[in-house]
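Heads up, the thing below is written out as structure tokens.
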Amino acid sequence: MDFYYLPGSAPCRAVQMTAAAVGVELNLKLTNLMAGEHMKPEFLKVNPQHCIPTLVDNGFALWESRAICTYLVEKYGKDEHLYPKDPQKRAVVNQRLFFDMGTLYQRFADYYYPQIFAKQPANAENEKKMKDAVDFLNTFLDGQKYVAGEHLTVADLSILATVSTYDVAGFELAKYPNVQKWYDNIRKEAPGAAINEAGIEEFKKYFEK
């Protein structure tokens, strides 16, 4: 199973943790975006959207990390708790995954990436939106051990990848006690946690520059 990735990427780390959770071994294919490797003809044949992460499972190509995570659990998972079959429980997991994609991770990217990659000044409005996103997560976690129900799910893994990226960026998670408590626990409990920790060390280098 080929996996095109960058170790510092939060979406890539989410997939790697999910693969660890279901016991699937990934054939890692480092893809250097800065060198334009994602624009090479051979990669475009696999993924015309030329983005990572991208998974190729016996000829079946799939991208978008949350789609990959749920695919891996549905095909290879043995623990139903990771992605419940009950429609309402699954709907909550999906909501959290979509929240991560469209709000939590997106607002992080909107605020930090222009500063990191385009050397632009900080945008106060985008910073407020990012803080609002973390506040939403803090509300979701009120009285909860996990982000989407009573058990660890793929939503925890995806959001862990995002929140750990906030952490290495220097975001003050301590101001959001529910998020901080969840993060302290899940970063130890999550399958593949060591992979995530190594990945955030790679991402940290962008801030050190």
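Placement of Cβ uses the backbone N, Cα and C atoms for every residue, glycine included.
Annotated domain 'GST N-terminal' per TrEMBL: 1-80, in sequence order. The domain 'GST C-terminal' feature in TrEMBL is assigned to 86-207.
In the predicted model, the domain 'GST N-terminal' (1-80) shows an average pLDDT of 96. With helix defined as DSSP H, G or I and strand as E or B, the domain 'GST C-terminal' (86-207) counts 94 helix, 2 strand, 26 coil.
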